[in-house]
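Notes to accompany the following structure.
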Amino acid sequence: MTTRKESELEGVTLLGNQGTNYLFEYAPDVLESFPNKHVNRDYFVKFNCPEFTSLCPKTGQPDFATIYISYIPDEKMVESKSLKLYLFSFRNHGDFHEDCMNIIMNDLIELMDPRYIEVWGKFTPRGGISIDPYTNYGKPGTKYEKMAEYRMMNHDLYPETIDNR
């Protein structure tokens with residue numbers, strides 16, 4: 001039994017679709033959203049994405065990361081299968097780690113207009129160096145803007161606790 005009306009699921013086309021088309025080039029249009037039924041409260045939604053891959057824009061070598069996406073929804077939420085396919089579309093996309101995290105965040109802001117969002121990539125080392133770009137956003141003029149500033153300043157106070165290596 002569902003509490004969702006069929007009209008609330010109209011934009012959700014990928015979930016349950018047995019003929020899924022896996023895209024190998026960056027494809028922001030694959031992202032889908034659905035209405036948040038709980039706009040009266042703040043709550044976090046967190047996605048752990050341990051199989052993210054992209055390509056180095058200079059060498060074409062693959063980069064691997066675990067990406068953490070956390071957000072406080074407003075009116076819309078991202079549908080998880082569409083997010084999976086969207087992240088998969090970075091497989092042959094050549095960009096620096098920092099660019100990938102900002103692109104992902106910007107696309108999700110455009111899709112959902114969340115109250116708050118953060119995207120953190122923990123990339124596996126290449127050449128003995130790991131890169132962990134963190135980016136966030138809080139809706140301007142709201143308490144979430146202040147929250148974003150606070151979390152930015154405090155997001156990685158204890159780097160020795162990072163254990164994805």
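In case you wondered, yes, glycine gets a Cβ from its N, Cα and C as well.
Keep in mind that this is a model prediction, so the values were computed, not measured.
According to Swiss-Prot, the active site, thioimide intermediate annotation covers Cys56. Annotated active site, proton donor per Swiss-Prot: Asp63, in sequence order. Annotation source Swiss-Prot lists substrate binding site at Val78, Glu79, Ser80, His97, Glu98. Annotated Mg(2+) binding site per Swiss-Prot: Asp163, Arg165, in sequence order.
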Taking just the CA atoms, what is the gap between His97 (substrate binding site) and the residue listed as 'active site, proton donor' in Å?
8
If you count Cβ atoms within 10 Å of the Cβ of Asp63 (active site, proton donor), leaving out that atom itself, what do you get?
21
Taking Val78, Glu79, Ser80, His97, Glu98 as the record's substrate-binding set, what's the max Cα pairwise distance in Å, rounded to a whole number?
24
As a test of the contact definition, list every same-chain residue at least 6 positions from Glu98 (substrate binding site) whose Cβ is closer than 8 Å to its Cβ.
Ile131, Pro133
Tell me the Cα distance separating Asp63 (active site, proton donor) from Glu79 (substrate binding site), rounded to the nearest angstrom.
25
Spatial neighbours of Asp63 (active site, proton donor), counting only the recorded positions Cys56, Val78, Ser80 and Cα distances within 10 Å:
Cys56
Please report the Cα separation of Ser80 (substrate binding site) and Cys56 (active site, thioimide intermediate) in Å, rounded to an integer.
26
Sparsest Cβ surroundings (other CB atoms within 10 Å) among the recorded positions Cys56, Val78:
Cys56
Please report the Cα separation of the residue listed as 'active site, thioimide intermediate' and Val78 (substrate binding site) in Å, rounded to an integer.
27
Which of Ser80, His97 (the binding-site residues) has the most other Cβ atoms within 10 Å?
His97
Under a three-state reduction of DSSP output, how is Ser80 (substrate binding site) classified: helix, strand, or coil?
helix
Counting every protein chain present, what is the number of Cβ atoms, excluding its own, within 10 Å of the Cβ of Glu79 (substrate binding site)?
21
